[in-house]
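The following features are taken from Swiss-Prot:
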BINDING   70, 72, 85, 88  Zn(2+) binding site
BINDING   466, 468, 470  Mg(2+) binding site
């Protein structure tokens, strides 16, 4: 298979003409035989387990099931590359062509595309300037529509007629003294196709522009909506009747595979069942038309074909949902594309990337703001290439294979090397949805046990994260440039202000506020050890740790530094000893000075909780 490389700027989704759908699947063999049309509902032969010819897995249409081997087995080597077998018509090539070669089903009667009929808004109803309910009645054979009123005064173009009304008019037309002529009515997708073909887009657009100038309110809005749809058709070069399908594309077989299970049974994609329904009904309709079956039977088969194509394109959009085994709804083409688990969001936009991981977040209260706790199990996987490089560089192993063996054995030397590797190597944490630039920030990793990522509580508002089961993704910047940018621009400690408002986004909340309140609160009921004197702050904390005093007990602690407690205006109690030492007692302070007024000592009344709170802040400021 030749390597194809074609650059493009964007992918455009639009309407395809019947000719283009044919081109996707049609190929001409060297013997001038044209292949591409899928005519049989069979998939594989139950005895030979080979794909049936002209079926949904046909090798002539989609390519060989085995590399360099035709269906009948006449050609079986790479040396026969490009030859088309004279007996079976299969091209000798790689089997991977079955991932991109398409086929098509030629319908015995046209059907409407359910997206354009039942979408919101309905483009078909908007273009025809008819209520959606009326268009549905025509499509699903519940009402006739007048395509040409002829010379009948009682009829008008696009008027709906019931079965009884049409029979009555038919009787009048075929009566001997009838003056009626030129009347034409239709039903089903064929009638809708005819109505769409009658629309002259450019003329209609001009008329609408004139009408919009004179219209007001709701009518004007409706005209603008219709003009916008018509302008889009003109702009894209699409024709209105392409919304009615006469050819259906069949996607490549390897994208809807059939695989054999252990017990000899087969598991197959739901699409194969949906395609099979379409082919069966299409073949039955063609046979009924061939034998000139009664109109009512043909019409019923056309309606069933319409419903089968609707289910293939978007199962459940209209009517009863088609279900398979265990009453499970079959997954249609739309279901594969749309939603969070669809092809776009899951596989194209949300690809898994190398050097990334994902885990639940838990609070890391002992971390600094620019740090995150990275599980060892995750870190060794993310930084494996760096660890291997360092192991070889230090001469601990000779090659990559030996290094990987060492890592798999969880050798203790690995963790020392990993510590060296991650030092100064930031990682980026991202929490979906990333609604602003602070949804992804850089942190210095700290190795932790367990399997959860530890996060500093202060950065939670930026990520809009909480610890009730939220997950975050880790990404490793690889190049030196990426690492330096992460450290300088994305480090959490450099993103304190919100880029949207300019206000601080790093604000303590919940546990931090509660903890700060609890440490510094008054609690008259917990006063064990109250009134004791301590020589310094550390002594008071030590006494609390040894359970000599309660966290909220008021104690006296020596502190010779400046104190601002708002008590300078309060008149203290003054005692003077025989040696001239003056003791001044305030409600929260006791100061001793010698006869010259020099400070001997100062004791402040506080709690161990407040000492811990103050010491934590002072230590942070000092570092």
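Just so you know, glycine gets a Cβ as well, placed from its N, Cα and C.
Cβ-based crowding with a 10 Å cutoff singles out 85 as the top-ranked of the binding-site residues 85, 88. Scoring each of the binding-site residues (466, 468, 470) by how many neighbouring Cβ atoms lie within 10 Å, the top position goes to 470.
Apart from the site residues 466, 468, 470, the chain places the Cβ of 361, 465, 467, 469 no farther than 8 Å from the centroid of the site's Cβ atoms, the recorded Mg(2+) location. The secondary structure of residue 468 (Mg(2+) binding site), as reduced to three states from DSSP, is coil rather than helix or strand. Here the candidates are the binding-site residues 466, 468, 470, and by Cα distance the one nearest residue 72 (Zn(2+) binding site) turns out to be 470. Of the listed binding-site residues 70, 72, the Cβ environment within 10 Å is emptiest of other Cβ atoms at 72. Cα to Cα, residue 466 (Mg(2+) binding site) and residue 85 (Zn(2+) binding site) are separated by 64 Å. In the three-state DSSP classification, residue 88 (Zn(2+) binding site) falls within coil. Each residue contributes its Cα atom, and for residue 88 (Zn(2+) binding site) and residue 468 (Mg(2+) binding site) these two points are 62 Å apart.
Rounded to a whole number, the distance between the Cα atoms of residue 470 (Mg(2+) binding site) and residue 85 (Zn(2+) binding site) is 58 Å. Residues 70, 72, 85, 88 make up the record's Zn(2+) site, and a Cβ search at 8 Å around their centroid adds 59, 71, 73, 74, 75, 86, 87, 89, 90 from the same chain.
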